[in-house]
Amino acid sequence: MRPGALPRLRRDALIFAGLLAAYLLFSGIVTNSYYQLMLTLVPVWAVVGLSWNLFSGYVGLISFGHAVFFGLGAFAVALSMSLYDLNPWLGILAGTVVGALAAVLIGLPTFRLRGHYFALSMLAFPLVLLYVFQFLGWQEVSLPMKRQEPLLWLQFTDPRGYTWVALGLLAIAFGISLAVENSRFGLTLMAIRQNELAAEASGINLRRWKMMALVLSGAIAAAAGGFYACILLVVTPEAVFGMLTSAQALTVALFGGVGTVWGPLIGAAVLIPLAETLHAELGNIIPGIQGVVYGVAIILVMLLAPEGIFWTLRDRWARLAAPPPPRPRIPAPLRIATAGGAGPLLKVSGLTKNFGGLRAVDDISFEVAPGEILGIIGPNGAGKTTLFNLLNGVLPSDSGTAWLDGQALGGRKLHAICRMGVGRTFQVVRSFPRLPLLDNVLIGAYGAGLTGAAATAAAEDALARVGLLHQAGQPAGQLTNKGLRLMELARALAGQPHLLLLDETLAGLGREECDEVLTVLRRLREAGMTIVIIEHTMHAMLKLADRFVVIDRGRLLASGPPREVVEDPAVIEAYLGRKWLAKTCSK
Amino acid sequence: MTDSGFTRRDALALGAGMAALGGAGRARAQAPAEVKVALLAPISGPWARQGLLMKMGAEMAIDDINASGGIRSLGGARMRLVVYDAGDSTEKAKNAAQRMVAQEPDLAGGTGAWLSSFTLAVTEVTERAELPWLTLSYADSLTSRGFRYIFQSSPTNDNQAIAVLPTLMALAERATGKKPTRLGLISDSTASPQSFVRPVRATEAAKYGLRIVVDETFTPPLSDATPLIQKVRSARPDFLLFIATNVPDDKLVMEKLNEYGLGQAKLPTIGNGGHMAVPELVQLTSPEILEGLMVCMANWPGKDQEALTRRFVERTKEPWMGHDSIFPYAHMMIFREAMERSGSADRNKVAEAIRGFDIRNEGPALFFPSKRLKYDARGRLEDAQLVTVQWKSGVPQLVDPPSMATAAAYWPKG
């Protein structure tokens with residue numbers, strides 16, 4: 001459970017229970033079997049939307065292929081019932097397992113892809129299955145009619161039965177989504193969505209978490225598909241694997257709001273009856289017009305409420321009061337691992353990286369002593385950020401090695417290096433604007449493997465260290481640039497690192513703001529933190545760093561105490577050009 | 001007819017009828033009641049054209065019935081058609097059926113929904129609502145579910161496959177004097193064609209001494225028919241069965257056959273289903289390309305229905321009346337007959353009356369090739385017969401059975 005999640009969880013669950021009760025009551029008095037069918041379809045598609053949201057909404061990888069899980073669930077029920085006379089409840093369970101397995105098989109190859117490529121590859125799976133099922137001769141599978149024991153066989157004569165089962169399914173899917181959203185799981189997924197690199201640098205094992213999300217999502221979609229087969233009674237590959245099914249999952253979630261449990265509910269409650277009513281009323285006047293009107297309605301809502309109805313309404317009407325900040329605290333002393341001996345904390349030897357013909361990092365070696373602040377300077381394009389990327393595992397090096405505390409870093413994954421105690425910030429700050437500051441920082445703590453109260457304490461400590469504790473409840477979107485820089489620093493600190501790699505933390509800050517951040521960094525050093533910082537702002541670096549390493553065109557140009565280094569002619573030439581060098585020397 | 005139960009509704013109807021017959025002139029009070037029947041067909045989406053053709057046939061029947069005095073045993077009650085759009089998916093078709101039974105509680109019966117998978121879904125609803133449902137769809141599965149309220153007016157796929165070969169063998173032998181021995185098959189991968197070719201492959205071809213020399217299955221929509229036709233050409237069958245489900249695929253295959261010099265019945269080609277005899281096909285290709293193409297299907301108005309066809313053409317401006325319009329026309333006539341016989345618009349009585357039909361050479365039976373109207377216990381039309389039409393100068397002409405034929409079959413002498 002995330003800090004502060006409990007009241008939110010309780011509130012959401014209460015609202016949901018209220019809505020559920022109202023819906024039950026309403027469905028109880030509707031006798032028209034067609035309207036009752038609509039009342040059944042709304043929760044079914046809401047479940048599919050929730051399933052989509054659980055993966056694509058939180059992780060941010062758009063799936064155009066959720067029909068694959070839905071269809072497998074539907075066929076699991078249809079085939080098990082028509083071939084083996086299996087009870088559909090068991091069929092739905094079996095479908096859930098099949099959906100989860102399919103998610104594993106789909107995730108293994110496709111998680112290598114990002115962005116559009118992932119979306120496109122997901123599109124392929126239902127299409128493939130559509131043809132496979134046709135090839136297998138299952139073009140139309142109908143569920144045998146059972147006149148006895150309607151509840152057992154899910155063939156109700158009173159259509160309200162379907163609605164109630166659908167609501168049960170929705171309650172389960174909603175419960176799972178709510179639990180995920182308010183837990184470490186959900187926060188981790190949201191971190192992945194914001195910035196995969198930053199998330200991994202915070203110690204998060206991307207593939208594992210994505211896989212868990214997809215498996216859960218696939219299982220839920222399959223359950224919905226299985227129940228849907230009982231409503232449809234005739235399952236055809238086009239009906240369940242078709243593009244429209246995937247699109248429906250996506251539309252209800254996008255329409256209602258992505259990344260919140262309420263989105264798919266709102267989307268389904270509006271769109272499903274709307275589409276049907278249009279089909280029923282307008283379609284009788286001008287056949288086909290229903291599709292046009294439906295499309296225009298969706299386009300309009302997307303234009304007016306680009307993030308979905310939920311977020312737009314919430315932003316406009318319900319400016320949530322920020323929860324009170326945690327009580328001021330004196331942070332626990334930093335847990336700095338004591339190096340085995342008096343040796344350097346970080347030792348870099350002969351690191352080299354080529355991008356094609358360009359040697360971005362060329363045979364660089366240096367050492368960082370515990371408790372030291374090392375400034376890495378150099379002109380733009382010198383290879384500073386690439387050097388960081390090699391150190392914390394974003395990129396593999398071509399040759400050379402680095403050791404942290406005597407342990408080799410080479411060959412390890414990003415999140416593994418983070419867990420060894422290397423914290424990192426990025427040039428461009430990535431925050432989760434809607435989440436409170438504390439949640440933003442918590443991700444660092446989770447990444448380092450902390451859980452529960454320990455994670456919260458680490459996050460609050462980190463916020464206190466950078467002086468943001470009083471703003472812990474505010475959404476990150478309200479912070480200034482300085483605040484965001486400090487927040488990112490806090491996120492790195494929450495992982496309790498031994499070594500901080502800071503990439504242009506001072507960029508874009510005014511002089512006063514810069515001084516404030518410098519004070520924070522100095523305090524960190526006093527507490528025993530070792531820092532390697534890339535920075536352009538020379539005056540700040542002169543005040544901060546104990547030692548400089550100058551890099552130019554991938555090569556180590558100079559190193560030593562700041563004053564000495566800045567007067568080194570080679571450094572002046574690299575920074576300011578030969579002409580300037582001549583001028584300075586002639587003085 | 002057979003029913004002896006006399007309900008309040010019957011009494012009312014009878015009363016109304018008596019009043020109409022013997023009452024005082026044009027009194028307003030006895031305005032005949034109205035009975036509703038439904039057409040549920042795709043009016044939007046890729047199959048909309050078929051749905052519209054069905055609607056034309058059904059509407060014409062309703063007008064004919066009302067013009068000739070409505071349902072006499074119900075005091076001249078007028079028949080009214082309510083149309084529901086099955087849309088473009090099984091789900092939409094089923095939802096439309098649900099809407100239909102919920103919003104029209106007084107329906108006497110209905111017909112639809114053209115595509116077998118739509119009909120499968122729709123009848124899951126109508127069966128539970130005990131609504132008599134007449135359909136032109138071919139799938140065997142429709143009438144193998146133990147349903148009691150579905151009546152399938154066309155030979156099922158299996159039976160069509162069994163019926164088609166002897167017809168063709170006879171045609172070929174009559175024209176060429178010898179029996180063909182080499183059969184080619186092209187079929188698409190969807191449900192209906194596959195259930196058609198399955199028995200041909202398994203037993204039927206062998207039964208008539210035919211060897212299948214080429215057997216190609218494709219997944220619609222077809223993008224290029226070249227590889228299919230190349231294989232056909234090199235296998236040199238005596239005739240080709242081409243079983244598809246939509247006009248664009250028909251067009252591609254027929255054009256390619258012409259391109260390879262196999263068109264215009266140089267290689268006798270036989271298709272299946274109403275879509276191969278619609279006006280769009282000749283608009284998309286040309287009369288030359290289609291010349292000689294034979295299409296077997298479950299119904300087509302023959303020379304005995306020439307008056308009907310002429311009126312249909314006048315009324316709708318369609319170039320001819322075909323498979324998709326004659327069926328709903330016949331189905332409306334069946335509902336009228338059932339209501340006349342049962343003296344009731346009650347759906348259960350209507351269904352009971354249809355189950356009791358055994359009509360030959362009269363009434364609604366005249367609209368079927370076999371001229372016989374009797375549904376078996378499963379709801380299948382007994383002795384359902386196939387008809388064969390052949391494209392001649394851009395118009396499909398009925399060539400078999402000879403009793404209905406408007407033209408003689410053309411089979412190249414090889």
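Quick reminder: no glycine exception, Cβ is built from N, Cα and C everywhere.
The transmembrane segment annotation in TrEMBL covers A:12-31 (among others).
The transmembrane segment annotation in TrEMBL covers A:37-55 (among others).
Annotation comment: TrEMBL describes A:67-84 (among others) as transmembrane segment. Residues 48, 51, 90-92, 94-96, 98-99, 102-103, 106, 122, 125-126, 129-130, 133, 138, 141-144, 217-219, 221-230, 232, 235, 237, 239-243, 245-246, 249 of the same chain lie 6+ residues outside the transmembrane segment (A:67-84) yet bring a C-beta within less than 8 angstroms of a C-beta in it.
According to TrEMBL, the transmembrane segment annotation covers A:90-111 (among others). Outside the transmembrane segment (A:90-111), and at least 6 residues removed from its termini, the chain residues within Cβ reach (under 8 Å) are 65, 68-69, 72-78, 80-81, 118, 121-122, 125, 206-207, 210-211, 214-223, 225-227, 229.
What TrEMBL records for A:118-141 (among others) is transmembrane segment.
Here TrEMBL flags A:161-180 (among others) as transmembrane segment.
The feature transmembrane segment is assigned by TrEMBL to A:213-235 (among others).
Positions annotated as transmembrane segment by TrEMBL: A:247-272 (among others). Same-chain residues lying 6+ beyond the ends of the transmembrane segment (A:247-272) with a Cβ under 8 Å from its Cβ atoms: 12, 38, 41-43, 45-53, 56-58, 62-64, 66-67, 70, 174, 177-178, 181, 190, 193, 221, 294, 298, 301-302, 307-312.
What TrEMBL lists as transmembrane segment is A:292-313 (among others).
Look at TrEMBL and you will find A:346-578 tagged as domain 'ABC transporter'.
Here the transmembrane segment (A:161-180) does not lie next to the transmembrane segment (A:292-313) in space: the count of CB pairs under 8 Å, restricted to residues six or more apart, is fewer than 3. The domain 'ABC transporter' (A:346-578) scores a mean pLDDT of 86 in the predicted structure.
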